[in-house]
Structures are given as structure tokens and as C-alpha cells.
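Chemist: Pasting the feature list from TrEMBL:
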type	residues	note
COMPBIAS	1-31	compositional bias 'Low complexity'
COMPBIAS	337-348	compositional bias 'Low complexity'
COMPBIAS	349-360	compositional bias 'Polar residues'
DOMAIN	121-159	domain 'Mechanosensitive ion channel transmembrane helices 2/3'
DOMAIN	161-225	domain 'Mechanosensitive ion channel MscS'
DOMAIN	233-319	domain 'Mechanosensitive ion channel MscS C-terminal'
REGION	1-33	region 'Disordered'
REGION	337-369	region 'Disordered'
TRANSMEM	52-74	transmembrane segment
TRANSMEM	115-135	transmembrane segment
TRANSMEM	141-163	transmembrane segment
Amino acid sequence: MSSLPAAVSAAGASPSPSPSPSGSTAPAVPTLQDAQESATNAASWVEQNWSTWLAMGLQILLIVAVAVALRAVVRRAISKLIDRMGRSAQVDGGALGGLLVNAERRRQRSAAIGSVLRSVASFLILGTAALMVLGTFKINLAPLLASAGVAGVAIGFGARNLVTDFLSGVFMILEDQYGVGDVIDAGVASGEVIEVGLRVTKLRGADGEIWYVRNGEVKRIGNLSQGWATAGVDVTVKASEDLDRVKSTLDEVAEKMSKEEPWNELLWGQIEVLGLDSVLIDSMVVRVSARTMPGKSVTVERELRWRIKRAFDAASIRIVGGATAVEDLEDTPDPAAAVAAPSVYSNADSPQTAAASPLTPQRPSPPAK
């Protein structure tokens, strides 16, 4: 009788996990009550943190929206400022508006300045927004900023040439040291500027070659197209010519050229006869000079020489150069022309004289008796 309660109690008790053949205990199967408790705990945790998540999400959304709107407004304001600067740039130059002589130069310079300003503004606004978003997640920014500083120093040291080229290009554009269409001497190369970039300036040489000059390599710049240029012509005439007649002829040429198209636009002043530049034994040099549009001095010099030559021919004024004139050679007799050249036949002992002498026939000697 005592075994029945023991059997009932044994049947009502939870079965103990049976050992596996390998001797390990099998894991317990989760019950429905355990699943209900886990779901209740998860719902309670979500309910407790929902307000925090909602606040963080709204804060991040507000930061992103403000950053995007501010970036768009700043970029648009910069674009309008650059366009206004390009339209109102004066010839006398300035810090942000210099000598803009053509539309291509104005377009490239404005585009380069606008690109730099927009990139800097976007970097500052988006970088600040990213740091604020990270701060919303309670992330400690001090180690991150320290690591970014070290990485920035390493990148800057490795790409120092690129940074130098970029900064040099920015200041060259802001100061308007040169632009498209200018003829410059950059030291390492010279020619006409056909493209201005933040890192590289493209030049076309005198023979048509293209030079790519890094802005960081340019130590000095000689701009031959800013301000004005000077056209100078040296006229060499015989020392016996009448200076008053020479000067009056040059004045007539200058006055006529200054009134004709397109030279009246290329000339930025009167063509002046400066006077005698030098006096030699048989010639003298008269200097003619004029202030011209930048880059047009060579064109004006060629036209001025052409007109002076034609005017002097009409006025019978002789222009002399480095070589002796043909008329001088014809007028001056050559004293050596009347002297005959020495001949080898004048020497009786010379081989040529012996070869030219006639041969004397020899008679055969009579036979001996």
C-alpha cells in the first residue's frame, strides 16, 4: 500500500532529463510561459525607450533638414555673388575683380572661384551636421576628432605637393594674377593661357605646344597682357638725311595710322617720335614708340614698319640696315678691280710654265761608223 502514493507522486512529478548516450544532459525545451515572459519584457523595453528613439530620430531629421537647406541657400548665394562679380568686374582690377578682358576668362575665373567657395561651404556645413548626428547617439567625439587630426596630418604630409598646388591656384585666381587669353612667363614655361585650374594651368607655347604647369611650381609670373603694352620701332637712315624731313614723314605716318580701323582701337595713345636713339658714322637710328592694347604690340610694330617703309620710299628717304646698300657698292669703285690676279705662268720655273712650253723635236743622231 505504501508503494501507490510513491508511484502517483512519481507520475505527477516532472520528468527529469534523461541522459544521452554520450553522458551529456539534453537542453530543456522553453515552455509557453517562458515565451510569454520574453515577449512581455521586449514590449516593456520598447515602451520604455520609444520616446527616446522618437526624440533622437526627430533630432537627426531636423539636423539633416537644416544642413541640406542651409547648404542649398549658401551655394545659391555664392553663385549669385560670383555672377555679379563677373558682370561688374572693372578694368582697373581689385581683390576679387581684376582685369577681365573677355567672356572666356571671366567665365573660367568665376567658375573656379565659385567652385572653391561652394566646396568649402559644403564641407563645413555637412561636416558640422555629421558631428551633431554622432553626438545625438551619445558617441564620444574626442577620440574621433583626435584620430581625424592625426589622419589629416598624415594625408597632408603625403599629399603636400597637391595641397601646395591647390592653395597656390586658389590665391592666383583670387588675386587675378592671370587669366585665359593672357600671355605670361611662368619661369618654367611661357605662352598664352588657354585654361586656368585650381591645380594646373594650361599654356600654349609660341610653336603651338601645350604646357601643363602645376601652380605650386610657379615662383614668379610675368604677365604680358595686363595693363598696356609698348610698340617700339627703330628706323635706321643714312647720316646724310635731313632729320626734319624724316620726322615730318614719321609724323604723317603716325597721324594717318591713328585714324584708321582697326588701329585706332589697338592704339591706346599717340604714336610718338622719340628722337635720335644713336648716331653712327654712316647711319643714325630714330626711335618711334606707341602705347597699345595688351598683347597687340607686335601687330602694331609690323604695321608701323610697313607704313614707314612705304612712306620713306615715296619721300626718297633711304633706309639702311646692317649690310651695305647696293647703290653704295655700285657708286664706290673697287681699287682692286684694275689689278690683275697673279699668274703662275709668270714664273719660268713653275711646273705650269714647263708644261705649257712647246716640245722641241729631237733629230736622231747619225749612226757611228
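Each residue, glycine too, has its Cβ placed from N, Cα and C.
The structure displayed is predicted, hence computed values, not measured ones.
Provide an account of the burial state, proximal residues and distances for the features listed.
Modeler: When Cβ-Cβ distances below 8 Å are used as the criterion, the domain 'Mechanosensitive ion channel transmembrane helices 2/3' (121-159) is approached by residues 56, 59-60, 63-64, 66-67, 70-71, 74-75, 78 of the same chain, each at least six residues removed from its ends.
Same-chain neighbours of the transmembrane segment (52-74): 118, 121-122, 125-126, 128-129, 132-133, 136-137, counting only residues six or more beyond its ends whose CB sits under 8 Å from a CB of the stretch.
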Chemist: Take the domain 'Mechanosensitive ion channel transmembrane helices 2/3' (121-159) and count its residues per DSSP category (helix H/G/I, strand E/B, coil), listing them in that order.
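Modeler: Helix/strand/coil tally for the domain 'Mechanosensitive ion channel transmembrane helices 2/3' (121-159): 34 helix, 0 strand, 5 coil.
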Chemist: What are the DSSP helix/strand/coil residue counts across the domain 'Mechanosensitive ion channel MscS C-terminal' (233-319)?
Modeler: 38 helix, 26 strand, 23 coil
